[in-house]
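The structure appears right after this line, and notes come after that.
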Amino acid sequence: MSINIGEFSIPDLPLFFSMFLTIYLIAYFIVFRNWKPQIRPEASSCLISIFHGTPAVFLATRAVFSSSARSFASANTAAQNTVLDFSVAYFLTDLFHYIVFNPNDVLFIGHHLATLFVFLTCRFLVFHGACAILGLLILAEVTSACQNAWTLAGARKNDPESRLAVKVYDLLSPPFYAFYSIVRGVLGPLFFGKMVAFYARGGAHGVIPNWLWISWAIVVGTAITVSILWIWNLWIELFRQRKAKKIR
């Protein structure tokens, strides 16, 4: 799809990429200009994530349920392709952020590259399977707003000049961990299992090659596993800190 501006037609992907890049630059040079240089890039990354996460959940939900064909092998609709473009643009922008500011963060760079592989192949290679990919996107981003608020507070909680950040971080941690655990630890695996079972039974035969859906399954399965390990470690650290406070 493309967006018409006057007599010009601008494809969605470059338009969305320009939007996220602009938001990142505004965040870095204006919104967070008074923050410490060490945390300005992370804060800027969080801001573009805020502009992507929750809108992506609503856009993807609308795109999926507005279509009469909602099989994991259904042809992508124009609305679903727009959401895919929207997310590709975000992950490209955030990938550049990591390459510039955190080139040694192999885990996140690898995550973004793998995610882009899934989105791009669904969007531009097979033109099918958006219902499955957008369903995963909804589950991945529904916790985004809470996570970004928690991350921003965490970035400043060690700053003596920001006592509010410590309070917000401590207040958000338990509900965020619980919400994230339910989505990534329960709903995500259930949806993933349903998707893999559908493809394994040959539900996408003729439209999505076996090598591709297996690649998607590897990427998504790895992401879910890493997410579960991440939140598990956060729970352990939270209980350790609270136990230490009680001893004091």
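Think of each number as a place in line: the chain as shown, counted from 1.
Any Cβ shown, glycine's included, is placed from N, Cα and C.
Unlike curated records, TrEMBL annotations are generated automatically.
The domain 'TLC' feature in TrEMBL is assigned to 38-248.
Here TrEMBL flags 13-31 (among others) as transmembrane segment. If one looks beyond the transmembrane segment (13-31) by at least 6 residues along the same chain, the residues whose Cβ comes under 8 Å of a Cβ in the stretch are 3, 40-41, 43-45, 47-48, 51-52, 85-86, 88-90, 92-94, 97.
Sequence-distant neighbours of the transmembrane segment (43-63) (same chain, 6+ residues past either end, Cβ-Cβ under 8 Å): 20, 23-24, 27-28, 31-32, 35, 77, 79-80, 82-83, 86-87, 90, 93-94, 97, 130, 134-135, 137-138, 141-142, 144-145, 147-148, 151-152, 155. Here TrEMBL flags 43-63 (among others) as transmembrane segment.
The transmembrane segment feature in TrEMBL is assigned to 83-101 (among others).
The transmembrane segment feature in TrEMBL is assigned to 113-140 (among others).
Non-local neighbours of the transmembrane segment (177-199) in the same chain are 72-73, 132, 135-136, 139-140, 142-143, 146-147, 208, 213, 217, 220-221, 224, 227-228, 231, 234-235, 238; each lies 6+ residues outside the stretch with a CB under 8 Å from one of its CB atoms. Positions annotated as transmembrane segment by TrEMBL: 177-199 (among others).
Listed as Cβ neighbours of the transmembrane segment (211-232) (distance under 8 Å, sequence separation of 6 or more from its ends, same chain) are residues 107, 111, 114-115, 117-118, 121-122, 125-126, 129, 132-133, 136, 140, 177, 180-181, 184-185, 188-189, 192, 195-196, 199, 204. The transmembrane segment annotation in TrEMBL covers 211-232 (among others).
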